Every structure is written in C-alpha cells, then in structure tokens.
Amino acid sequence: SLCMRNDSRCLSNSCQKNSTCVAGHKDDPCLCADASMDNVEELCNKTSNPCSSNPCLQNATCLGSAGNLSFTCKCPAGYDGPTCERADRDCDTNPCEHGGTCQSSLAGPTCLCSAGYTGALCERDLDECISEPCRNGALCRDGVDEYSCYCVPGYQGKHCDLEVNECASDPCMNGATCLNQIGHYDCICPLGYTGTNCEVEIDECLSQPCLNGGTCHDSLGSFSCSCARGFLGDLCDTDIDECSSQPCLHGGHCTDGASGYSCNCTGTGFMGLHCENLTPLCWSQPCYNNATCEDHAGNYTCHCWPGYAGSRCEEDIGECRSSPCLSGGLCVERSWAGHYGLVPGLPPAFRYDRAEGYICRCPPGFAGTHCDEDVNECYTNPCQNGGICENFPGNYTCHCPPANKEGIFYGGWNCTEVLHGCTDHQCQNNGICIPHLKNGQHGFSCICSPGFTGIHCETITTFSFQGNSFLLLKNPQTHKKDFFYNINLRFQTVQPTAFLFHRGEKNTFAKLELLNGYLHLSVQVNNQPQALLHIPHNVSDGEWHSVEVTLARAVILNLLDSSCVESCLNKTSAKIDNELVMFAFQSTFLGGLPVGNSNSLQNTFNTHSAPSFVGCLQDIEIDLNVITPENVSSGSSLNVRTGCAKKDWCGHHPCQNRGRCINLWLSYHCDCYRPYTGPDCATEYIPGRFGSEDSSGYAAFPVDSTQNENFIISMFVRTRKPSGLLLALRNSTYLYVQVYLEGGKLTMLAPNSMKLLGKHSMNDGNFYLITLKIEPNKMELFQSSHYLGFISTPALTIQSKDILYIGGLPDNTETDRNGKYFKGCIQDVRVNNQPLEFFPITNPPSSLINRTLINVTQGCTGDNLCKSNPCHNGGVCYSIWDDFTCTCPPNTVGKACEEVKWCELGPCPHEAQCQLVHQGFECLANAVFSGRSSAIFYRSNGKISRDLTNIVFGFRTRDTDVILLYAEREPEFVIISIHNSKLLFQLQSGNSFYRLTLASSVPVSDGKWHQVTVSMVEPLSQSSRWHMDIDNKKDTATSTAAAGSLNFLREETDIYVADKAFDSLDGLRGCMSTIEISGIYLSYFENADIPTKKPQEEQFLKISANPALTGCLQADFCSSDPCMHGGICEDLYTSYHCICPHGWTGTYCEVNTDECSSNPCIHGNCTDGIASYECSCEPGYAGENCEEDVDDCRGHQCMNGATCVDGINGYSCLCAANFTGRFCRYRRLPYTVCGNEERNLTCFNYGNCTDLGGELTCMCLPGFVGER
C-alpha cells in the first residue's frame, strides 16, 4: 500500500565490508564486521577515521588522520581538557537553558542556543510560524525548531501548497468522466446512467411515455413503445381510422372506435355486423306470450311455451277445468300471472318457461300435489308433557300420559292443562285416582287394587276358604242371542290339588280344578265330554294368579300371569247346545261342593271332584258381572269369609333350617334335610362309628322281602382313609355288589363286570352322600350330585334274606380283598327311603331293628392322634376329627413340622434363588460359560440312595457343536451335546451294551432358552426306554431301544458340565441353568459360598475349584432388535453389545457420530451428516476439506506491468515504479520527506510528513491509506 514506512532497508544488501544488516533500526542499520572500524557511515563503506565518532565535546574541532587512531580537540572558549569536557569557571553553573552551550568570554559567559530557541540564556522558544509558511488557509502549529501545517480539504504538501486529486482513486463508474474539484470531485455520467458515481442505470419508462395503452420497453439510454390495436407512432399517439375503408353496407352509418368500428343499420331494412342481411318478418314480434318466432321463406312460425296454444300462442290452456285438486283443495293455474306474489305455493315472480300446470292449495290437514295426502299433524309433536300423538285424516288426538314424577296429571287437547280432579279424591283401599277433563269439567275415576271394586274401591271382592268350604252363586236365566259364558277370577293357594269352581249341574257343566299344581278344565254337555284342557305351569306356590275360562265358539283356558311365559293359553273347538248350557249354567259353586246326607248336592251331582279349596279367591267375574258379598244370599256358603285370612307359618323358621318349610295355609310341614327327621327336623339320625382306635367292625342288615324292586341304598359317609369297604350285598352264595374306597375315590364292583371308579376324592373328613341304585339289568352309582356311571349286569333280583353289609365283612381276609375295614362314620342309611338305624331314636324303632353290630359305636367322635406326639421341631399338636394339625414354630413347614423353611433364612448368595428340596435346600442360578477351558465337574457325596431316572436342565447358546454334560464310568456313560445344531442325548448304562441315542428334530443353537427333560419311560424298571421333551413338548423323542438308569452317577463318577471334554470340541459359549438329576441339583456354588450348611443327605458336590460366572439373562435381548440404524447385536449372555455401522455410536447406535468433531474443514465450516460431513469453505478456499487456496490472480486486472500477489479471497497488485492505485492504473504522485539526516521519513503520493512530538508521521491525502 502507499504511504507505508519502509522499515526494511536490507532488501538491497546495501551494507558493505561483510557488515550485518539490522532490520528496523532507524539510524544505523549496518553493524560493521571490523570492530576497529569506526562506523562513520551507515553502510560501512568508508575507512575508519578517529574523528568519525565525534569524540570532542562542546562542538570542539577534532583534528585527526585516516588510519591513525589518535586525535586532538580544539576547544571553544570556556572549555578545556582532552575532549573539551571541562568548562571554565564562568560556565560552572551552566546558566544556558534548553540544551544551550555555555562559553566563557571576557564579557562573561554566553550561550549558544540549540535549534529552535533564542534569548541570552536560550530561555525563549523561537516561533517558526511568524513567517506564515503554510499556504491555502492551512493552520500553522509551532514546534521546537520546527512547525507543522494542517491543510484544509483539497490541499496537501508540507506547506499545503499542492492540490489533492480526488479523481486519483477512479471513483466514477460505467465510463464516466471524473472532474477534480477543490475538496471533492464530480462525475459526468454517460447516457443512461446517474448517481454520485454514475452507478445507477436510468429507467426511461418511469415517466410512462407510451400513450393509449402502449407498453414501454426500457433500454440503455432510450426506450421503445409496443402500441395497442388501433394506434401507431413512436409514442402510440396516432389513432387509426377504421372507417376509412367504408365497411358498412346498404347505407349503414360507420362509427370509428378506439380499436375498431361499428355499423348502425337503423332505417336501412338490413341488419348484421356490416348491415349485410335483410331484416326477417319475426322482427315485428307477431307471437304472444313470449313465444319464439321462427322465420321461413315469406312466412314465420310461433313456438309456444308449455301451457299455451294457438298459431300465435294466444290461447292459455286451462289445466284447472278437470278439477284435479281433492279434499276441497283450490286449483290455481301457473299461467295466472296476476296471482304471483299473492298465492302461497307460487314462485315470487312469473316466468313463461314455468307457466304450464297448476298447484293445489290444500285445506288444513292435507298435503300433496292433489291434496290427496293426509298431513301427519303428529310430526310437529303437538302433544306436550309426554303425551302420545295419534294422527287422523285432517286431525290428531293426544293421549295424555299417567302422572309424572311429581305426581301431576295433564289433559286437554294438547296435554297442556293440569288436571285437578284427584285433589280431594276418595279412592279407598290403595285405589289409584286418575283425573280427567270432560266437557271442560274436572273429575276423577278410581282404579281399584286387586280385591276391591266400586266407585271409590270401597267394596271388597276377596273371599277366604277355610277348608270343607263352598260358595254358591245363582245366575238368573236369560235368553242369550250370543253364545258366550265367561268366568274370571284370581286365586291364591298352596294346595297342589284343589277344587276351584263348578258351573252347571250333573250332566252339563264346566269344572276348573288344580291337579298336581296345574290348572285343569273339563267341559261336559248332556253327559258327553266336550273339552279337557290344562296349562302345565305350577300355580300352587302361594302367590296370586289370574285365570279366565270362556265358552263361546271355542273353549278357552287362559292363565293371565306375568310369571307364565309359554303355554299359558289352551283352547279347543266344541259344538255346544246353547239351550242346554243356558239352563244348566244358572248355578256356580266356588271352592267346593256341599257334603252330608244323601240329599246333598254332591250326591245329586254324583261327580268325583278334587278336595275343597283352601285359600283365597278374589275379583270373581261371571259373565262380566263382578261378584261381591252382596251377591251372596244367606245359607249359600260354608266356611267362607270376606278378606284373605292367610298366616305365614314358615316365617318363624319352625324347621330350624334343617329342612324346607311348606306352608299348608292352615298349618305347615317340614320336609327335612338328611340326616334330620321329626315334625320340626329337630332329631338327627345317630351315626355309627367304625374303626374307632383302629378296631375292625361292621354292621349287617337282612333285606326285607318287600325291597326287591328298584332297590336304592343311600347313606352319609365320613372318613380320612383312602380305602375301606362301604357296603356289600351278599346272597346265599356270593357277594354280588361291593362299594368301597380306592385311593380316596368311590369304586363299585360286581361279578363279571368292569370296575367303576369315581373321579372325586372323598377322604377329606367331610360328609358325603352316596347312592347305589340297583335295577334288574344295571347298577348306577352317585356321589352327592355327581353321577359316576353304571355297571351292566345280568338279570339281577334281590332276594329276601340277602344280607346288606356296611363297613366290613365278617371274614377279615375277605374284607381285605374288598377294600379293608372302613374307618370313619356312616349316618342315615336308607333302603328305598326307609331308614336303617344303627341306634334307633324312637321307641319302638321306626326302622329295621333286626341288625348286627360288631365294633360299631354310637356317635362320630374321632380318635385322638396327638397321643403319639406326631409334631416335630417343637410343634404343638391339636386334635381334629380322625386327624391332627401342628402349629409349627417359625421357619418350619409340613404337616408334622418336619421340614425347615430354609429359604426364609436367606442361605443363598444374592444372585441365586433358593429352592427347597427334600430335607434341605439348594441354591439355583444360571451360569455363563465363555468357551475357554473352565472345567466344572461334580461327584456324588456317596450318600445318594434314590434311583436316578431323569435329568432336567435349561440352556441357551449359538454353538452348533458342543458338549453340555459328560460323565463316564466304564462301561457306562452319558453325554448330552449339541451336534449340527441338534440336541443329542447318548446313554449306555445298566445291563445294556448298546448306546441309546435321542436327537431333537429342530435346531436349538438359536440363542434362545430351551428347557429339556430326559427321563425313563418306566422308572421303576431296571431297563426302560428313554424319552426327551424339549420346551414343554414342542419337540419330543422316545427311544426304541432300552437302557438302564443313571445310578452309576451315585458312585465315584465325575460329571463334567459345559466343558469341551474332547479335544476336538470347544467348551460351551452360552448359558446353562442349574442341572437337576432326579431332584438332586448340581449347584454352581461351593459350600464355602453358602453361609448355611445344606442339611440334605443326598448331594452332588462341586469338585472343581474355579468359580462359575452366574447371572445369565433369561431372555435373548437381541431378539428385540435393540440396536438401531442397522447395528449388529452381539449377545454376551450377561448383557449385549451393539456393533454400530459407520456414522453411529452409543449403547443402541442411537447417536449420530459427529464427523465434524475432528475439525476436518481447514478453512471453512463443517456440517455433520450420516457417516459423512460437508465443508462450507470460507471465501478464497476450495477443496473437500477447504485446504486449497484459490488463485485469485487468474484474470487479475493489474496494469502497467504490475505483479499480481495472491491473497485470501482476493489479490493485490505490486505496482512498478511511479505507478499506484488498486490496479496500478495511476502514476505515483510526488513524495514528501521530513526529518533530518539522522532521522527522516518519506511519505508517498503527496502524503504530508509531520514530526509530532519526535514521532515522524505520514498524513495521507483522501483516497490513500497506509503508514506512508
């Protein structure tokens, strides 16, 4: 740049004589090599002179010669000494100021002042500005032996005598000419440009020069117009006259327009765009009613709108003449224009295209095109307050609802008026008052409760029949034209069989009865049965029921009951002589018939009837006439009272909850539950105790001769023993049926038949009812409500003197063969519902007493089993029936507290699960195996006595060939391995000399857990087939060959787990659960790892010293695909690891790798991507990582031989001598120099060189920068 201080004088190698150039030194840049040379010149180019260093002081004159180092000083006045360093006495005080030199003289001391000072003692500053050296209005500032000129804008130079050239920086653009002015510049712009520097292009279209809709197109320094149609000229200012060509024919007048012309054909008789067509006849509008006129050659035709007719459409067709509107509707034709806007149904305005047809104005209540549709007035919901609307032709009716929640009734035409008739009503006996509104008057009516009638429900209609009762009603004889007889009544009774009514006489009657709780109707005319109907629905339940009997064209029996869903109506057709019925039906008996002497009515009727009715009848209607006490004449009833006298006999539970109470209306009956009996079920049949204190006993009953058909034996049985004979039947020859317990389940056996075994255990100490039903060809067995099945037998007849044995047989051996002696209680034995009592409760006995009892005691007291102190470990014994229970101390379990709750003591390490085993506990865990040699092996403790018949374990691995378990004691061995991804079990044991092999059918090397059970099919045999079950029978295999058990593992046999065992196979890489061999576990923990010693006697001990790594995950975590973005999951069994693809990191590969973290972009900003990054380079740089410096000198604009110097996003021009400017296009302006020979500075381009406080500075003209 210009005006730069040149601190480096070393570029030209100006120092001579092997001297060293020191860059940046202001005074002497050369350090001379020869120390003997005196540095008399900065370039070390002259021979040393002893006076060159100015050794003489006080401006004394030094006398010396080249090559001689000695010199002589010629001192000024007032000084002496070799170097004039001593002053005379007059100058001892050095009175001279500002560096002035004192000299002695005869007149006294005088001062030689330094430059810029004056006065006798150099005390005044010399004002160099007095001579006004600064030009052109510049400001002069005095200094010490110097001055400085501060120029006004537009001037420069030491004395501000040089004018500044503002055009030197070439500020004018687009080829403009720059005019230098005083302190500024002006640009003379070329055509088309404006602005201070001519930087703005002028838009000549802004003034909208184009006229008449022309479009302006701007260009540099000019514009052009595209004219609209009808105009031309540079500015579209000339209108074209389209009428000049006379386009209008037949005298039509042409009118010129802006973009065309028009022809006025008025008065010419022609028409058209150019008046070229002759005007047609239709132009005189000969057609009426807006008809369309069509011209022909010399004629025309009128096309009428629908609704009009005639050659000129002058006739209006009258559509209403046929009276199309029904129901009194008014017909209005659509062609009557004067009605529009006045008649509803017509549009607001008349239109000829819609003038055809008519509309019908319908009277209220009708609608439709022809008023033929009845309007549904109910559609608008006129009925209020819940009223139900019923539509009629032209009208509607509201059926008002019952009272609302507030008890308010509504009435009136729309149910809007509150009814007040019930405000002071007198409906009695819970009658319901219904208000009404008739002819504007409020009133009420009563709906009576059942059993009452009358205006105010004041009359009772209920009659109570107390037994041996009847009620006779006489009906006057009337001659009916219609054959119709009807009886309605309600009744309430508990009698299953009873008389309800008999209407008629001996030979002609209708009779209604209850038979086994069902209604039965019989009709007889002249001794001929006409109808027999019944309804199979129980009505003898003490509840009210309504029944209706009708004799008309058909005989109808109808039970009007909400409880009867189906079969409530029965009817049949009958041909009945009305004259006979009319005479006979004058008398009706209710509840029964009179009894007594031979003259009684019952004898007169000579008819068999059900027992008299006991209960209540009410609301009796005979031929629609309600029967009240006033209708009953004196002497026509017996044991009949008004009202309903009913007592709840069962309300106080007379049967003591031991039976079902049956209300008999006048009394009650207890139907006792077994084993209770007596009038109030207060007595219990005494049970018989068998096997008390382990004695042997039985009971025997002879079979009565009357008990040989449908023989049913039932009894209650209570026991805790799984076996025992319950009953047996013996004839004179053999036992022909036995019922006993086998495994706690009821069992039945008969000769030459298959044994019948029940499914439900009954040896839990509770009572169970068992029933044996013997029929001629089969025997059925029941346990409580469970039907156990039957046994088919040959023709079987129970003979008199056959013996029924209970609990055992006289012969001990025979008893042992048939279930052994029974121990427990048997109660309420019945044969065909007749009790067989061990100990009769009545005197004389009501049951069979010819019995034999051997060691059968009375009652059902159990044995005291606590006498033998069965509870262990300090448990307290409590006796229960034929059993005991122990209250165990803490941490003990078992019926007799024989097992300790070891797991509650926390005996296992935290990573293990405690499992109770027989007499002890075991610590279970899953172990992880890495595949390296980590042999874990076990050996029996020598105390295992049980048979080893199965192995249970779990594993998960991805190994395809590996050993899971290996043990060998020649010649016996067992190997469990994986071969070709299939599970393989190999065994040779016992007396077999052949290897037994089982293999899975599906691969197991999938990393998932697999549960395996390998067991003997017949574990009690010395040799058996083996079965393998994988994952709960998802994969099974059974051997065809047999092998022995695993008992050879009880000896000193090493059992290797998850070890390679063979050099050709690696160890297991995966997990294994704790292996169980017939209930004995191979624990991964040594006894030293467990704080509590395992108490069980039978154990496999871990012999290997190396510890097992526990904690394998139960599930294959990789199965859930936890790794994201394509990461590969590696199952580590104790955890998992995600191998992430390039660009991702994190536990789940969920974090996008920041490829920008390494700052790859050298000169730019980095944007992270997926497994990539992108660099946005700073200006001046390129390349993938912005590592390339763009060569900005390509296409540079440096002029006048200048050298282009590449920079960052730009370049600079190194100008040749005498040229300057950004592109070196201007010649360099003169330079100025300030300072002295020792310290000076050069300022270029008319820069003003100024010494400010001893600092030399360049002040640049406008348009220039830099230090110089």
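Any Cβ shown, glycine's included, is placed from N, Cα and C.
Of the listed cysteines (C1177, C1193), only C1177 is recorded by TrEMBL as the disulfide partner of C1186.
Among C62, C84, the cysteine that TrEMBL records as disulfide-bonded to C75 is C84. Residues within less than 8 Å, Cβ to Cβ, of C75 (disulfide bond) and separated from it by at least 6 positions along the same chain comprise C56, Q58, A60, G81, C84. Of all the disulfide-bonded residues listed here (C122, C189, C1149), C1149 has the Cα closest to the Cα of C888 (disulfide bond). If you take the Cα of C1224 (disulfide bond) and the Cα of C189 (disulfide bond), they are about 24 angstrom apart, rounded to a whole number. Rounded to the nearest whole angstrom, the C-alpha distance between C681 (disulfide bond) and C1215 (disulfide bond) is 139.
For the domain 'EGF-like' (278-314), the list of distant contacts is 269-271, 333-335, 352-353, 355-357: same-chain residues at least six beyond its ends, Cβ to Cβ under 8 Å.
Sequence-distant neighbours of C236 (disulfide bond) (same chain, 6+ apart, CB under 8 A from its CB) are C210, L211, N212, G213, G214, C225, C227, A228. Residues 114-118, 181-184, 1232, 1234, 1246-1252, 1261-1262 of the same chain, all 6+ positions outside the domain 'EGF-like' (125-161), place their C-beta atoms under 8 angstroms from a C-beta of that stretch. The average per-residue pLDDT of the prediction over the domain 'EGF-like' (201-237) is 87, rounded to a whole number.
The two recorded residues, C362 (disulfide bond) and C304 (disulfide bond), have Cα atoms 30 Å apart.
DSSP gives C681 (disulfide bond) a coil state; it is part of no helix or strand.
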